[in-house]
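Reviewing the structure listed below.
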Amino acid sequence: MIEVRDLHKHFAEVKAVDGVSFTARDGEITGLLGPNGAGKTTTLRMLYTLMQPDQGQVLVDGIDVAKDALAVRRKLGVLPDARGLYKRLTARENIDYFARLQGMDESLIRLRCKQLITALDMADIADRRTEGYSQGQRVKTAIARALVHDPRNVILDEPTNGLDVMATRSMRRFMRQLKEEGRCVLFSSHIMQEVAALCDRIVVIAHGRVVADATPDALRAQTGETNLEDAFVKIIGSEEGLAA
Amino acid sequence: MKTTLTVFLKEVKENLRDRRTMMSALILGPLLGPVIFIMIMNVVLTRELNKADHPVKVPVIGAQYAPNLMDALKQQGLLPQPAIADPESAVRNRDADVVVRIPQGFGEAWRKGQASQVELIYDSSQSDTASTVGRVKGMLENYSRRQGVMRLVARGLAPAMMAPVAVDERDQSTPQSRAGLMFGMLPYFFVLTVFMGGMYLAIDLTAGERERQSLEPLFANPVPRWKILLGKLAATCLFSLVSLLICVVAFGFCGKLIPIERLGMRMDLGISFAAQVLLMMLPLVMLLACLQTLVSAFAKSYREAQTYQSVLMIVPIFPSVLLSVTPMKIADWMFYVPLLGQQVGIMQLLRGEQVTAVQLSSCVVTGLVVALLAMALTAWVYRSERLAISA
């Protein structure tokens, strides 16, 4: 479970995140929805301890990020916005490297590698150098690398960005599988349909603030729109109206 | 420890697969120095040796006025060439190294017992002609002295009257120390090799990873950043150390290829020399790896890091320049200064002198201390929030 309380972060004059609070529960998929530049990536970076919040608190499975960052990172599987594979290593070597940094032992590494390569259907590419991979193959490798230590909580920053239809569908299937395994899945997106298709709970962020936090059905009811996309536009739009 | 080892092994494996790094660290960097060195030395030495052995061809104007002088010069190895019309411009245009001109009145002055004139026409700004000029001048002085002695004897005077002071030179240089003078640039080659050997790794492992956006996922792992940094530094050190090793061995072979003993010099680049050089350079390997990584940590891209490295590369030149511009007596305090210590230490070894245990240990210990400080500084910079973020 990931709990976020009143998070703030600014860069020079810009308030990137300005009071974000929400909770992502185990066994649920929580979607962080917002237009480009709303503060989604910055929020996620504070969750996986890459950045320090100016103010506010993050708890992962009850552990405070500010107090024990290493313990928090152990409980998280992270697919950052930047996939950053090592081009001169094979997919398997990429996964193996992160597994070792997680402190896993040899037999467990081999087992998890095999499981993930099967689950992500990447057996045919696993022993090829990642240089020249397609976008989909790259994301698969990065996800396998992020989940090798079998974390309870999974953070995915724009996981379907740049994927074609087939790859997007298999990514969705994989996320549902993570949810069925009882994990807490938190992902960010700026695509309405995707969030609607997957999420148990939607957190809408605009201008660094949470403007809505509800189930998809509740969101529709709240705005009086039957179409989620219209609901989204209405939420963001009204907020922009307020800000102006 | 396990984390550092994991990072170290991965970086080594990854870079062994990179042809550019391998070329630069293990072939170009360490071998360029020795190859250039052999080439330069061979050209210089063969030219010097040729000049000393072979007869000098010198155009002589007015040879017919002084047949005796000409005979004496021929005996000393001068090959008179036919007279040329414009000796001044011939010398300036490098058509001749030096031209001898004997005026018409030479014989008459000689018979009267006066000083007869001989002109030497040369251009001292053309330094490669200096040895020819010197030889011809020596021949003329030689002839003049002998004739002077004969004139004194003919008048019944002791030849010692002409030389009230006899100068006896006692050169204390050894064959090795003369060689040391010649090989003053050797220490700089070693430093440069260490620099080149680690440079591509230092750039790639920090600025390169940042540019390829792989630092962010890497730092999401549950390990402290300084342990990751140590692994990266260790990999950088390994490459520059191997590079240095190749360079030192190559110079060892070099010593055998250069016919230096024919100039009355000796150079010992054997195992004991190599071992002491490696020991002295060890802290420098660490220090440079830290500095290169530190500089890379400020760069957002590979290219930017390369620019910073080329600025950093100027630093090791300072001690070499300092020592060649203001030749100082080697003092003990110099061994406490990293870079300078290595420079004077290696120079001392080349001159065939001992580097004492105190000098050696002060050089190594202060080097290590400074390297550790640089490491701490780099680790501090590595904690920066911005480092992981590429865009």
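Placed from the backbone N, Cα and C atoms, the Cβ positions cover glycine too.
Bear in mind that TrEMBL entries carry predicted annotations, made automatically and left uncurated.
Residues or ranges marked as transmembrane segment by TrEMBL: B:22-45 (among others).
According to TrEMBL, the feature domain 'ABC-2 type transporter transmembrane' maps to B:31-375.
Using a Cβ-Cβ cut-off under 8 Å and counting only residues 6 or more beyond its ends in the same chain, the transmembrane segment (B:179-203) has close neighbours at 11, 15, 18, 20-21, 24-26, 28-30, 33-34, 37, 232, 235-237, 239-244, 247-248, 251, 260, 265-267, 277, 281, 284-285, 288-289, 292-293, 295-296, 299, 302, 305-306, 309, 313, 316-317, 320, 323-324, 339, 342-343, 346-347, 350-352. The transmembrane segment annotation in TrEMBL covers B:179-203 (among others).
The transmembrane segment annotation in TrEMBL covers B:233-253 (among others).
What TrEMBL lists as transmembrane segment is B:273-299 (among others).
Summarising the annotation, TrEMBL assigns transmembrane segment to B:311-336 (among others). Within its own chain, the transmembrane segment (B:311-336) is flanked in space by residues 184-185, 187-188, 191-192, 195, 288, 291-292, 295, 343-345, 347-348, 358-360, 362-363, 366, which lie at least six positions past its ends and keep a Cβ under 8 Å from the stretch.
The transmembrane segment feature in TrEMBL is assigned to B:356-382 (among others). With a cut-off of 8 Å between Cβ atoms, the residues of this chain six or more beyond the transmembrane segment (B:356-382) that come close are 225-226, 228-229, 233, 276, 279-280, 282-284, 286-287, 290-291, 293-294, 297-298, 332, 335-338, 341-342, 345.
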